[in-house]
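J.: Mind having a look at this structure? Questions to follow.
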Amino acid sequence: MNNFILLEEQLIKKSQQKRRTSPSNFKVRFFVLTKASLAYFEDRHGKKRTLKGSIELSRIKCVEIVKSDISIPCHYKYPFQTLVYLQVVHDNYLLYVFAPDCESRQRWVLTLKEETRNNNSLVSKYHPNFWMDGRWRCCSQLEKPAVGCAPYDPSKNASKKPLPPTPEDNRRSFQEPEETLVIALYDYQTNDPQELALRCDEEYYLLDSSEIHWWRVQDKNGHEGYAPSSYLVEKSPNNLETYEWYNKSISRDKAEKLLLDTGKEGAFMVRDSRTPGTYTVSVFTKAIISENPCIKHYHIKETNDSPKRYYVAEKYVFDSIPLLIQYHQYNGGGLVTRLRYPVCSWRQKAPVTAGLRYGKWVIQPSELTFVQEIGSGQFGLVHLGYWLNKDKVAIKTIQEGAMSEEDFIEEAEVMMKLSHPKLVQLYGVCLEQAPICLVFEFMEHGCLSDYLRSQRGLFAAETLLGMCLDVCEGMAYLEKACVIHRDLAARNCLVGENQVIKVSDFGMTRFVLDDQYTSSTGTKFPVKWASPEVFSFSRYSSKSDVWSFGVLMWEVFSEGKIPYENRSNSEVVEDISTGFRLYKPRLASCHVYQIMNHCWKEKPEDRPPFSQLLSQLAEIAEAGL
């Protein structure tokens with residue numbers, strides 16, 4: 001009777017991190033619930049299932065939904081938790097499990113509650129949010145064993161099935177959903193039967209947006225399919241992304257360069273200001289009496305009444321920003337010149353997609369063409385190549401014995417879901433022949449450290465600050481997704497067109513098998529970028545990434561110099577332990593160097609998060625260093 005299967009399903013589990021040094025990762029597992037235990041198996045296609053863990057139901061102290069306030073970094077978005085008592089070590093540990101949909105999660109939680117509600121060791125309070133970065137997100141307590149902050153009711157919804165809907169409720173549930181229209185910002189060509197081709201500026205019905213990176217849409221002829229969400233934007237008169245003059249997250253320095261390169265009187269753009277939700281109009285003019293043309297910046301102000309209205313010059317107030325821009329395209333109205341030529345950088349080139357096609361992460365060898373070797377890294381050689389002879393890609397061939405391949409393959413699909421304009425996109429893996437290959441977005445100018453050294457003496461301080469901003473944007477995204485880089489440095493960032501910098505190789509050091517690189521005593525271990533808690537205890541967190549980011553900023557503002565110059569690893573450890581920090585680079589302002597020093601606080605909790613660093617750097621950039 002105890003072996004009777006109550007539920008079985010493929011779910012995703014988060015590593016339990018029973019040791020402080022254990023990595024935080026997500027793995028697909030096949031879960032089986034019986035009257036006696038909750039077991040999970042490794043389930044690979046064509047292979048026998050392997051038991052990876054089993055929990056006696058009698059030891060479960062709590063089963064509950066996790067009310068998350070963060071982006072879930074795996075493709076199952078419905079988390080629940082079990083708190084388990086381990087009699088052997090007299091300790092508690094959490095098992096976070098992610099279901100594919102709300103119904104699946106509800107089914108597992110209700111069944112587990114029913115089977116455990118009479119356990120002797122149930123808790124009276126639990127934590128409704130995640131334990132993350134050394135604290136509970138729900139109540140900010142800093143001890144993992146801390147008593148919960150919300151009452152736990154083991155019987156709530158456990159044994160009672162919901163009442164059937166009334167006829168009125170039933171009719172309501174079958175009402176047609178309100179139609180949402182989206183607009184394509186780019187063309188998207190595809191031959192995949194699961195997908196739908198897009199034409200720039202055409203409208204589509206949004207059918208399903210539950211997947212972050214791929215939306216299901218329908219065209220005006222009734223054809224349906226998936227398309228990359230980064231190519232689409234919701235249709236709304238106040239959605240600025242539909243307008244050719246809007247540049248979402250461009251820095252002041254890059255905006256000025258674009259407008260100066262245009263060189264046309266009245267060339268303009270609207271961009272995000274440093275305060276979230278506010279905007280700036282930047283316009284090029286030759287009208288001011290001076291030898292050189294210049295860029296003027298106007299903050300778009302808001303009225304205090306409701307609904308808000310917008311203006312640049314107080315005499316001319318409008319109900320929306322598009323109406324304000326439309327007026328000033330025909331009238332100066334207090335501006336140095338009227339807005340004549342819209343300038344937009346981000347619509348010139350379509351963004352990368354999360355995967356080369358919808359649902360595709362395994363790439364066939366016949367689909368890849370190798371062109372030339374362009375570098376080498378910790379895992380092996382890197383080649384420029386093409387996918388299906390048309391999409392330029394970077395292909396990393398993995399040297400035998402360099403990587404824990406099985407562990408990486410388990411997480412590759414999850415890593416592909418990480419997609420951001422300032423991250424180098426992993427497109428997929430090629431597994432069917434040795435050596436295995438990783439297929440990445442191709443970045444034109446190679447790694448940042450080499451680029452800085454090759455162009456030394458040619459950079460303005462504003463340009464270097466823009467590079468740091470790019471990296472910080474990517475790291476703020478990883479921080480929000482609860483992903484630790486573990487090896488952030490200029491060598492692991494890549495340079496693309498228009499000097500856009502993207503973070504690469506995030507989390508990859510978890511799969512390195514070379515002890516000389518992964519052990520803090522190894523000759524290849526990157527001590528010069530490591531925080532004190534990393535080289536002393538191998539304790540990684542987003543705050544250890546912040547320390548590394550401070551060193552990366554130093555690399556950038558010293559135009560590619562090696563930190564701590566000729567000091568050995570042991571000397572660096574000794575210096576840092578006695579309070580020594582890197583000197584201020586010549587091109588770094590006092591404000592910039594102050595941020596570096598904030599990153600190098602000895603205690604991790606004293607270092608700012610990337611979200612705060614991003615705001616501080618943006619403020620410095622807007623103020624002109």
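Keep in mind that glycine also has a Cβ here, set from the backbone N, Cα and C atoms.
On a predicted model such as this, the values are computed, not experimentally measured, just so you know.
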J.: Please identify which of K349, K360, K396 is recorded by Swiss-Prot as part of the ATP site containing I374, G375, S376, G377, Q378, F379, G380, L381, V382.
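T.: Given I374, G375, S376, G377, Q378, F379, G380, L381, V382 bind ATP in Swiss-Prot, the matching entry from K349, K360, K396 is K396.
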J.: Looking at the ranges 119-155, 267-303, 563-599, which is given as zinc finger in Swiss-Prot?
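T.: Feature zinc finger in Swiss-Prot: residues 119-155.
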J.: Taking every protein chain shown into account, which of the recorded positions S376, Q378, S570 has the largest tally of Cβ atoms within 10 Å of its Cβ?
T.: Q378
J.: What three-state secondary structure does DSSP assign to S570 (phosphoserine)?
T.: helix
J.: Given the ATP binding site residues I374, G375, S376, G377, Q378, F379, G380, L381, V382, K396 in the record, what is the largest Cα to Cα distance, rounded to whole Å?
T.: 14
J.: Looking at the binding-site residues C138, C139, C149, S376, whose Cα is closest in space to that of S570 (phosphoserine)?
T.: S376
J.: Return the count of C-beta atoms lying within 10 angstroms of the C-beta of V382 (ATP binding site), excluding that atom itself.
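T.: Looking across every protein chain shown, the total is 19.
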J.: If you count other Cβ atoms within 10 Å of each one's Cβ, which of the binding-site residues C138, C139, C149 has the most?
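T.: It comes out as C138.
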J.: What are the non-local neighbours of Y186 (phosphotyrosine), defined as same-chain residues 6+ apart in sequence with CB under 8 A from its CB?
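T.: When sequence neighbours closer than 6 are ignored, Y186 (phosphotyrosine) has L198, C200, Y231, R347, A350, P351 within Cβ distance under 8 Å.
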J.: Of the binding-site residues listed here (I374, S376, Q378, V382), which is spatially closest to H127 (Zn(2+) binding site) when Cα positions are compared?
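T.: In terms of Cα distance, H127 (Zn(2+) binding site) lies closest to Q378.
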J.: Cα distance, C138 (Zn(2+) binding site) to V382 (ATP binding site), nearest Å?
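T.: Checking the Cα atoms of V382 (ATP binding site) and C138 (Zn(2+) binding site) gives a distance of 43 Å.
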